[in-house]
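Take a look at the structure set out below.
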């Protein structure tokens with residue numbers, strides 16, 4: 001009798017953390033570009049001529065992000081003024097980052113609650 005050999009190949013996504021790290025790295029090194037017409041085709045070139053041309057692997061953008069610190073209804077940005085922040089956090093919810101250098105006021109609140117504790 002004959003025997004069969006089966007070979008199965010499939011592609012799998014790398015771990016989510018790895019994908020996130022690669023995207024963050026690309027985001028941090030992204031280049032602002034503009035369209036230029038070369039003959040009958042449009043090409044993307046760095047807006048700042050001192051930057052090297054991008055590759056197919058690079059992340060590029062045409063428009064800068066709005067300033068999320070300031071209120072701008074035209075762009076749907078509510079701003080960060082008046083929001084609650086976390087004084088001890090260094091992340092995006094932290095006061096240093098969220099308040100955009102405007103400074104911030106701190107309030108210390110003590111909450112007294114009744115509980116059904118039994119000793």
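Backbone N, Cα and C define each Cβ position, glycine as well.
Swiss-Prot has this to say about the protein:
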type     : residues : note
DISULFID : 69-100   : disulfide bond
DISULFID : 85-95    : disulfide bond
CARBOHYD : 86       : N-linked glycosylation site
LIPID    : 1        : O-palmitoleoyl serine
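Taking only the Cα positions, the spacing between residue 95 (disulfide bond) and residue 86 (N-linked glycosylation site) is 6 angstrom. According to its DSSP assignment, the residue listed as 'N-linked glycosylation site' is in a strand.
Residues near residue 86 (N-linked glycosylation site) in space but far in sequence (CB under 8 A, at least 6 apart, same chain), listed by position: 93, 94, 95.
When secondary structure is read from DSSP and collapsed to three states, residue 95 (disulfide bond) falls in the helix class. For residue 100 (disulfide bond) paired with residue 85 (disulfide bond), the C-alpha to C-alpha distance reads 12 Å. Distance noted between the C-alpha atoms of residue 85 (disulfide bond) and residue 69 (disulfide bond) is 13 Å.
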